[in-house]
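Just below is one structure, and these are the notes that go with it.
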Amino acid sequence: MKTTRKGLRDGELEKDTYGRLTCSECGESLKKKNDPDEVFSVRICADCGREWKELR
């Protein structure tokens, strides 16, 4: 699983005009899954199911 920064650099993710992360493949806004036991959150695309981790 890649980080959101690496996804932005590779062109897999984009930011919209309000700074929200969107999937470049399907254009959907990413959902956030927060596990309190982990150091990172997981950003998930609802349409294609791809995941990226985001350090808090």
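Cβ coordinates are placed from backbone N, Cα and C, and glycine is handled just like the others.
Across the motif 'C(P)XCG motif' (23-27), DSSP assigns 0 helix, 1 strand, 4 coil. The motif 'C(P)XCG motif' annotation in Swiss-Prot covers 23-27 (among others) and rests on a curator's inference.
According to Swiss-Prot, the feature Zn(2+) binding site maps to Cys23, Cys26, Cys45, Cys48. Cys48 (Zn(2+) binding site) carries neither a helix nor a strand DSSP state and counts as coil.
Same-chain neighbours of the motif 'C(P)XCG motif' (45-49): 23, 25-26, 28, 30-31, counting only residues six or more beyond its ends whose CB sits under 8 Å from a CB of the stretch. Taken from Swiss-Prot, the feature motif 'C(P)XCG motif' covers 45-49 (among others), and the record attributes it to a curator's inference.
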Fewest other C-beta atoms within 10 angstroms, as judged across Cys26, Cys45, which are the binding-site residues: Cys26
Cβ neighbours within the same chain of Cys48 (Zn(2+) binding site) - under 8 Å, at least six residues apart: Cys23, Glu25, Cys26, Glu28
